[in-house]
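Heads up, the thing below is written out as structure tokens.
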Amino acid sequence: MCSLKFKGKGGGFVNFKLRLQAWRMNRVFYTVTVLISTPSMRALFEQYRRAAYWYFTAMAVLSLLPFSPYNTVSIWLPLAFVLTLGIVRELWEDLRRGQGDQEVNNRPTLVHTGNGQFEEKRWKLLRVGDVVKVIDGEYFPADLLLLSSTGPEVTCYIDTKNLDGETNLKVRHALECTCTIGQKNGESVLGEFWATVRCDGPNASLYNFAGLMELPDGQVYPIGPPQILLRDSILQNTGSVYGVVIYTGHDTKVMRNSTPPPSKRSRVDCTLDKLIIAMFAILVALCITTGVTMVIQTKQEGSNAWYLQPGLSNPYFDPKNAATTGIVSSVNGLVLYGYLIPISLYVSLEVVRVLQALVMMVDIQMYDSATDKRFRIRSTSLNEELGQVDTILSDKTGTLTCNQMDFFKCSIAGVSYGKGATEVEASISRLGLSIGERVTQSCRRDVVEHSTTSNIHYRDTDHSVASTSEIEGPTHNPYKEEGFNFYDSRILAGNWVREKGRKEIQFFFRILALCHTAIPDGTPENPASMRYRAESPDEAALVVAAKQFGFYFYNRTPTTIYLRETHEPGAEPVNVKYQILNVLEFSSVRKRMSVIVRFPDGILLLLSKGADSVILERLDPQNQGFVSETIKHLKDYSKVGLRTLLIAYKVIQEHEYQTWQVRFAEAKATLGREREIRTDEVAEEIERGLTIVGGTGVEDKLQAGVPETIHRLACAGLKIWVLTGDKVETAINIGYACRLLRHGMENLIISLESNETFTIKENSERNHLSRDDASKALKDLVARKITDALELVTVSNSNPRMAETGDLEARSGNPNSCRGSQMTKFSPISQVDKFGWAECLKAVDETSPDTQVEYALTIDGQSLVFIMADVDLRDQFLRVCMSCASVLCCRVSPRQKAQVTKLVCKGLEKSRLCLAIGDGANDVGMIQAANVGVGIIGVEGAQAAMTADYAIGQFRFLERLLLVHGHWCYRRVSVMIQYFFYKVSLLGWISFYSNIEAHFSGQPLFNDWYASFYNPVFTALPIMVVAVIDQDVTAAQSLKYPELYRAGQRSELFNIKTSCLWLLNSWYCSMIIFFFPVLMLGPCAFRSDGQVGAHQDFGQAMFTGIILVPNLQVFLSIQYFTWIHHIAIWGSILSWYLFILVFGSLPPKLSTVAYKEFSEVLAPAISYWLLQLLVVIASLLPDFACRSYKWIFQPTNCQIVLELARLQVAADQRPDHHLL
């Protein structure tokens, strides 16, 4: 609790806590600790969070020792280069943040200085208690308490999309005691106004605020969210407002919510860490071997080791102290063999990931022209994760659907109105299905309801089309507009006045026009142009429907709603004013909203709308009316994919309202978190004894391409979960419409909306059981269903995803089937030419007999509550889900979404990855909890997109993001990392061999500058080009054969086995590169004067092989060549020759043993060029032979696809290709 006293001209402060806050100012900036006070030091600290950099620095420090085998500069320079690149990147990002902070901190605002005068100040100079004036279109500079507004009824409209992602305008109104400030000449009143405000301390809750304003005369006024203007929200459609600063700077709610996203590391990075540890172990082993060997050698030779100069009293070689000599040799070897750890890999990996991100961002196929939104990337460190996703958790509304609601059907007084087929009905009909009564069968113990068709039956396709056309309305609905797609001639065009229940119809649509918090945006005289800014698209659709039926909402104030009503066809509209006494707002807990309205005739009515499960519990048992008919209609609406609400009312007596209003005012005056609890409790009292008027059905259409996208993702082996707040029936039918549920799939249903649940509740009431006993009975029911489901999927062993195979998935004749069990083994590619293109294509297209069954699981939120509270149930639930191809979680809250996501991530562990995708603020927890988060820039704002790792405009772009870019990035990064270890291992092995050749003296065979430029210059560019633009298959082939994606799921390209093969290959190549020069140049005359090859001759000739082999090895990893590949490879090789020419021409003091070595010794010698040719052939031939053998006899999926493409091209060029 904190308090402040403020006067219009400035703030006086009461307690210590707020005094500190006042002097903190309003400045927002990124800081670090005192020890890391500068951006450069902070950036350096970020670099050393990687353990590998500590190793590199230790090696550089060891190079300072006198017995170091390498020049100190040649070791420190690469380390400094790598650190500099990393620091520059960090500073660049920090500079971008700093520029944004400075721009915000220096924004101007008007601050009251006394006597009604305002002067301009920067945001960062604001203090608690300052009175500011904000003009229309400006951001609020701090968290303000609204004092007054120039808007009608002292109200203002604010846009909070920067806070919660919601795009609708919200109404704020001032307290009665401050509303005169700013009215006419009221600015002069500011200097005389005095009040004390007591409120909560700074907190992160955007939607809660509890405070009191005390005036000098003792009057106390409660302050709540309707009086608070949060920083970074925008004033809209209001001339100006006056407010007093409550929270500033980091104490504002927006800054309290700006916590950094959780740190996410890719699975490739984790494997990379293990590989580096393994390489370090090898390095330590080599060093120990060197030290032990040196100890043995020193004991045996003693002072006879003339090459170590023992006679000069070499302090690092003492024949009498072999242990010291061994330690020195080990440390010497640590520097000499240190190239086994790739210092430049981290920087190269970061650069590559950024370039990969740029390639994805410019992909025109992921550009949403409808919303002008491009693909965005917030975290480039997870690019390769996109190619390894195992499970997708998706929101429904706004993610799979458009979140553009249309009023479609309604039930009034027990009569259903509205004709036409929803998009779900049409989609199911196209699949050859029909909506029918649910057919459920009982599996073991009759607990788990499962059916291959749920409430959908297969029927003749032609018949389905005919049936659909019969129920469709006119082709062109003349009444259709945004938010309204209703057609029923019985009540449209004023025909409702002829209906038997005309009074109920009139009352129904009047409730829709009054029970909301929408704000009109348009000209009252032009109803067609009027748009409504509502808290949700559903609410706006209901207001539009009321307008279509003659109840036109055109204006509102905090206490009044104005309607223009047309009571008879052709009659003049009548303006009617309704007094709004209270608004009981919607929340995810209440699942309903109500308004208390005084009608023009003085009658008080409570009008409510909400979920059927909530409204039904609050009905008047003595006035059931047409409840059963309405519930039946709403169930039918749910089956065709509509979002339903119940509409109800209650007549309130004046004395009842006055008594309740006193308690409600007391609850609102409560401070702290108790306010929300008490207000809900008091609201619950008056929302009892309701009477149903009817129900609504609103359609939210699927986004374009959603069914096709889900189908391909399922074929790629991805499990897809949908987490929605819809009913079970609605979710199931939408699941069929979007191909989440497919024909032949057994749907296991675990729901507490069943007969068993009602029986348990009846028994509890009859036997007067406690709430805990009833809850335990429900938990046992859920446990029994989970156990039966687990037994069913385990006994049948039907999990289509558990089998590991590299074969392409067969295509069945039914386009809706996509079973992981339908795999066919393709014959060796060597037989392609033997059998011909037609036979090979047929082999891939034919479907093997399907004897396995896919399972789907549908579960509701009530069951999840019990599951999440019990460890054993969580484990069983997760095992069931892992055996199902699709999972539908219905009636779930935002909190449950995050809980389920964390459970899935924990259950998948490190072997599989989870991706979450959503579009709204309620999906943020789910997105941040997943291994990879994807946000959709949709109707609900950009908060999900801002917190996600990746952001797309439509769900259908997820297909290309994963199957194309994810597949490419995973392969590219995998090849790059393993290639890096391959090439550094070459240098490490050869350094070890050279030390053996030098009798462990630590004398390298080549100039240390060669090794310094080896990674960053001579061999870096080719593999980086491969890692950015190489494609094993084209984008079209990735989408045509989604099974190619499974290689990433199984980590086929980057694992311990493949890494060991690369290291084994590097060991073999190092043997060739080292011993070929020894054998060819050692025993014969090499120089022009007849001398044998010298030390520097061996070194430079050998290092040429170290350059040629890894650069040409890249050719074997490339699937298709471009001119960029050739420039990178041949340019890198050319850079080596240019370097040794230029470096060799430097004075001997700088070039040392490289002085004119190439131009005068190596280049004129034919044996040197012959040696390089033999080294390259001998090094690459085994790898080439192994790859060719696997291509022919053990082809991967990608190789099969490439071969089929080649054969298709060849077949198209043959005259008889039409026979195929």
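Keep in mind that glycine also has a Cβ here, set from the backbone N, Cα and C atoms.
Now, the feature entries from TrEMBL:
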- Asp395: active site, 4-aspartylphosphate intermediate (ACT_SITE)
- Asp395, Thr397, Asp919, Asp923: Mg(2+) binding site (BINDING)
- Asp395, Lys396, Thr397, Glu539, Phe586, Lys609, Arg643, Thr724, Gly725, Asp726, Arg891, Lys897, Asn922, Asp923: ATP binding site (BINDING)
- 945-1196: domain 'P-type ATPase C-terminal' (DOMAIN)
- 52-69: transmembrane segment (TRANSMEM)
- 75-92: transmembrane segment (TRANSMEM)
- 275-296: transmembrane segment (TRANSMEM)
- 334-355: transmembrane segment (TRANSMEM)
- 980-996: transmembrane segment (TRANSMEM)
- 1016-1039: transmembrane segment (TRANSMEM)
- 1060-1081: transmembrane segment (TRANSMEM)
- 1101-1120: transmembrane segment (TRANSMEM)
- 1127-1146: transmembrane segment (TRANSMEM)
- 1166-1185: transmembrane segment (TRANSMEM)
- Diameter of the ATP binding set by C-alpha atoms, the set being Asp395, Lys396, Thr397, Glu539, Phe586, Lys609, Arg643, Thr724, Gly725, Asp726, Arg891, Lys897, Asn922, Asp923, in angstrom: 25
- Task: Please report the number of other Cβ atoms within 10 Å of the Cβ of Gly725 (ATP binding site).
- Result: 23
- State the non-local partners of the transmembrane segment (1060-1081) in its own chain: residues 6+ outside its ends, Cβ under 8 Å from one of its Cβ atoms. 978-979, 981-983, 985-986, 989-990, 993-994, 997, 1092-1093, 1097-1098, 1101-1102, 1105-1106, 1109, 1113, 1167, 1171, 1174-1175, 1178-1179, 1182-1183
- Query: At least three Cβ pairs under 8 Å linking the transmembrane segment (1101-1120) and the transmembrane segment (275-296), pairs spaced 6 or more in sequence?
  - Reply: no
- Message: Below 8 Å Cβ to Cβ and six or more residues apart, same chain only. Which residues does that give for Asp923 (Mg(2+) binding site)?
- Response: Asp395, Thr399, Pro894, Lys897, Ala916, Ile917, Gly935, Ala944
- Task: Tell me, in order along the sequence, which binding-site residues from Phe586, Gly725, Arg891, Asn922 have their CA within 10 Å of Thr397 (Mg(2+) binding site).
- Result: Gly725
- Query: How big is the Cα-to-Cα gap, in Å, between Arg891 (ATP binding site) and Asp919 (Mg(2+) binding site)?
  - Reply: 18
- Which value does the mean pLDDT take for the domain 'P-type ATPase C-terminal' (945-1196) in this predicted structure? 86
- Message: I need the nearest neighbour of Asp919 (Mg(2+) binding site) among the binding-site residues Phe586, Arg643, Gly725, using C-alpha distances.
- Response: Gly725
- For the residue listed as 'active site, 4-aspartylphosphate intermediate', the number of other Cβ atoms found within 10 Å of its own Cβ: 30
- Within 10 Å of the Cβ of Arg643 (ATP binding site), how many other Cβ atoms are there? 24
